[in-house]
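Peer 1: Got these off TrEMBL a minute ago, pasting:
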type     : residues : note
DOMAIN   : 52-155   : domain 'Cyclin-like'
DOMAIN   : 175-256  : domain 'Cyclin-like'
REGION   : 275-298  : region 'Disordered'
COMPBIAS : 287-298  : compositional bias 'Low complexity'
């Protein structure tokens with residue numbers, strides 16, 4: 001069947017692949033400082049919380065503007081920025097309640113949606129925090145702080161702002177399926193489920209570990225499983241020129257996500273985690289100092 005890189009051709013020459021695709025061990029090393037405070041599962045709950053927050057901010061901002069809906073691609077890119085930033089920085093360096101809306105603002109520009117209002121960003125964060133019943137100091141959410149945080153974010157990301165998401169390879173996958181013999185029925189339902197799974201996957205590290213087409217195929221396989229259609233696509237999966245162990249890992253990661261997600265929306269659970277979060281350092285280390293610290297951990 002088609003070569004595995006057909007759905008992700010330009011990805012292989014991108015900074016996303018060359019600089020920001022890494023093994024799980026590299027992730028853990030980058031998060032070492034925060035993993036002194038949290039377990040891996042607790043850390044994931046915090047990531048889920050802020051990804052949920054960015055998606056909620058995007059929805060609230062669109063609704064309050066009565067304007068064009070912010071695309072999920074923007075939210076996915078902002079979530080990836082957020083995770084990348086905290087691979088190279090600790091929560092104590094920059095307040096994540098400041099960095100999350102900053103990531104969304106930058107992603108909206110990069111994904112050519114347009115500039116988002118800093119005032120509306122601040123209001124949306126306040127609304128979400130109140131809804132979650134958290135007592136968090138949001139005083140850093142000033143217009144100047146958001147703009148300053150954006151410069152810090154761009155620096156830490158090494159100006160690597162173009163992100164490749166699984167949406168396009170998933171669309172290509174279903175286009176290919178529709179060109180095949182008619183035994184593949186009701187593809188619309190499977191495609192809608194797979195898109196939802198990809199929307200949910202932004203709360204995991206999959207986009208840092210795997211290429212977009214692998215995530216897309218994994219989302220498709222999980223959708224097939226959810227709809228009890230494994231027999232229909234058995235031969236299709238058998239003919240794929242991809243490493244199936246990676247596809248299965250995507251499916252397992254998503255299955256685990258849904259288990260952890262349940263408690264990540266519990267107000268008392270999240271309050272306890274944020275109570276333990278170190279207070280941001282008013283003088284965060286420079287990138288050079290951070291790299292030196294990481295080298296010492298190797």
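Backbone N, Cα and C atoms are what each Cβ position is placed from, and that goes for glycine too.
Worth saying up front: this structure is predicted, and the values here are computed from it rather than measured.
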Peer 1: Using DSSP, tally how many residues of the domain 'Cyclin-like' (175-256) sit in helix, strand and coil.
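Peer 2: Each residue of the domain 'Cyclin-like' (175-256) counted once, the result is 60 helix, 0 strand, 22 coil.
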Peer 1: Express the predicted model's confidence over the domain 'Cyclin-like' (52-155) as a mean pLDDT, rounded to an integer.
Peer 2: 85
